[in-house]
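Features as listed in TrEMBL:
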BINDING   Gly151, Gln152, Thr153, Gly154, Thr155, Gly156, Lys157, Thr158  ATP binding site
COILED    425-489  coiled coil
COMPBIAS  9-22  compositional bias 'Polar residues'
COMPBIAS  23-46  compositional bias 'Low complexity'
DOMAIN    66-409  domain 'Kinesin motor'
REGION    1-60  region 'Disordered'
REGION    501-523  region 'Disordered'
REPEAT    658-700  repeat 'ARM'
REPEAT    699-742  repeat 'ARM'
Amino acid sequence: MATGFGNYRNGNHSSRTSLNSTSKVSLNSNSKGSSIKSKSLNSSGLRKSAPASLGAAKDDAGVPGRVRVAVRLRPRNAEEMVADADFADCVELQPEVKRLKLRKNNWDSETYEFDEVLTEFASQKRVYEVVAKPVVESVLDGYNGTVMAYGQTGTGKTYTLGRLGEEDTAARGIMVRAMEDILADVSQETDSVCVSYLQLYMETIQDLLDPANDNISIVEDPKTGDVSLPGASLVEIRDQQSFVELLRLGEAHRFAANTKLNTESSRSHAILMVHVKRSVRGRDTALSGDNGNSSHTVKSLKPPVVRKGKLVVVDLAGSERIDKSGSEGHTLEEAKSINLSLSALGKCINALAENSLHVPVRDSKLTRLLRDSFGGTARTSLVITIGPSPRHRGETASTIMFGQRAMKVENMLKLKEEFDYKSLARRLDIQLDKLIADHERQQKAFEEEIERITVEAQNQISEVERNYADALENERVRYQKECMDSIKKLEEKWMINQQKHASAENMVGRKDDSSDVTSKGEGSGVAVADEVAELKTLLQKEALLRKASEEEVYNLKCQLAQSKKSEALGNSEISKLHKMLEDEACQKEKFEGEIAMLQSQLLQISFEADETRRRLDGGGSEKILGALDSQMSQLRHPQLNDMGNGEKASIATLFEQVGLNRILSLLESEDADVRIHAVKVVANLAAEETNQEKIVEAGGLTSLLTLLRSSEDESIHRVAAGAIANLAMNETNQELIMAQGGIRLLSMTSANAEDPQTLRMVAGAIANLCGNDKLQMKLRGEGGIKALLGMVKCRHPDVLAQVARGIANFAKCESRASTQGTKNGKSLLIADGALPWIIQNANNEASQIRRHIELALCHLAQHEANAKEMISGGALWELVRISRDCSREDIKTLAHRTLTSSPTFQAELRRLRVDY
């Protein structure tokens, strides 16, 4: 189901039951005679739990076994860019809070929560990481896992799962990315990865790798209930390239057809099965260690453990409505088979979500194949794909509800382990051969070592004998040398003594002469000693001062560190207090806003009920008053019902009890409060498409236009204009409004109104009328365009958004008429002076205003008669900006196509030397 995605923008849980829910599943059970061990998951990926019990599990977001559901929005395709250009998407994504809003109309929507919400700008890598990667990691750890895509045909299921990404690696789908992670984590020596690729076509299972094998049977294990396909081809994968080639071969054999909704619509359910067999590393060591420890050898005889995980990737064929897809003949039969199998899957999901005692798993081969994925032992991740087009809102709502029900299904994940006795035998043979070789090698080494030691001993003995002889000779020489040195020293001492004796006699004669010199030397020695003592004292003092200074510096450093620590603690406390104050202020502001809103609503409801009770008289009026009071009393008690749902219920009940004619008669009441209340009821009824025809047939449209003409109350004008805007969404009603002078009345109302909300309602009504090709001239002749342009003085963004929408609708109709040849000359919008305002707001900060203005410029530029006016007004530069910088790809493409196809614009761009 190939659907082109561009860049993407970037999603409850319930009790767990099993597809074979009549029997309870026991956890941590090892049946005798079986080598398979089952382990239940704990909170961080492995959960310990009691046996499965229908309806016993609680709704818990942290339970890893629950089916996780992500929703992915496809961007608009080329057809939707044209057909739905003036309509908002039927869904609004809130990825930050993982919510999705499904719009019912301009005022009402329903909100749903998912595990992940992926916008049209989410990359393929982001989709894989949040949807499939946790499942792939579980498969690598020994668990079964399922990744499945569900959605309407043409919403991008095959793109999400099976895209090969050969032209752009960033576009690779979940299948390719999952195999990349598996091959990166497994060992080529000890692990194995095998793949089967099948399709379920017209309730027959066919092998996409062997097209001749077109009727594969399903085999169920009577003991465990496990499902297998023994007739399917099983190909071992060694590298990523071979896997991609395998996928390309399978896709070539898959059935596809061209329908109105998708040019390559898949007509079968594709199922990729990846079997991963891994040896548990670190649990078993070698048969014996280097130290030869016998106890270690015995312990290592335990057989190795092998974990077998199976990844199932299911690309479901898209659900489709026959009247929309245009299927016929054999394609119609294919569509019936697809819808039947998807219906059977939906029934199983409903039964599991509602804890039903019977799950109709045997109604379809699809549900039998997915028996382990929903309510079984596999970790399951579901991605539902939806489109933005409001024309397919019903299919989108059905897909969302399927995802919501699937989130209530919880599986009991089990680890698949078994002992690998064959591997143990092979390892023991290798160990035995290794031990024999080691023994022979050690024996040879021992003999060589003995011979080496003998040779070394002989060499050492010879060396010792030689060293002993050398030592004796050296000792003799040393003693002889020492003796000669002693004799020489004695002779030198005798000579010195003789010289001393002779000099002593000479010194006696000079003794008297030298006595004076000796006394002077002693005085000088005393002075030097005193100076040395003084220097020692100064040095000791200096040392003491230095020690004191060092102690003082150390103390200051300690004080500085303490002060910095205290300052840091103080700053931390201050920041915490600031944060607490900010949080308290935000909470206070939020609560005050909610209280004020609730008080305002209660006061308004109480006031309306009291005033209506007091003023309405007569039998019929008293009856209506009683009905209103009854409904208002329900609205005053929010604990019984919320305000929005209570108001809808009250209006529906009032419609049934009183009747439309009686309600419309109150629009002509003389009491202004009664009229206001009645017109509010009519406006709320008009918001529902099913009530619009009844209101018009009963004269409600005429009454609303009469109120615009006769009433001077701006509140009545505001609500009546809103009701007329709701009715103006229907083409038949648009012609009635114009025939009864509605555009002239709306123009008069806008001229006299001051309230921005009144102007917004009037502008919305006129904008809806601008989208009718048949009413262009009459709408302009009765002042509709001038009324729209007059409302821009309000400058309120909501009013400007409606004005911009009306101008865009009018410009689109003119562009269509010019293309069909039913209109000549320049645009009526340009003639009425709308172009300056359009150019001024083409780059408005408000996205709603900017989108409509950009669209209006593109439509105006498509008519060659407008080109000169637009160039002189400066619109050319805005068109160039839109074609380059616009955030909407459809508008950017339209602007680019307009510029390149217009000779006038091309000539001006060449004149200005703009490279385009």
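Even glycines carry a Cβ here, placed using N, Cα and C.
Of all the Cβ atoms in the protein chains shown, 30 others lie within 10 Å of the Cβ of Gly156 (ATP binding site).
DSSP labels the residues of the repeat 'ARM' (658-700) in these numbers: 35 helix, 0 strand, 8 coil. In the predicted model, the domain 'Kinesin motor' (66-409) shows an average pLDDT of 86.
Residue density at Thr153 (ATP binding site): 27 other Cβ atoms are found within 10 A of its Cβ, drawing on all protein chains shown.
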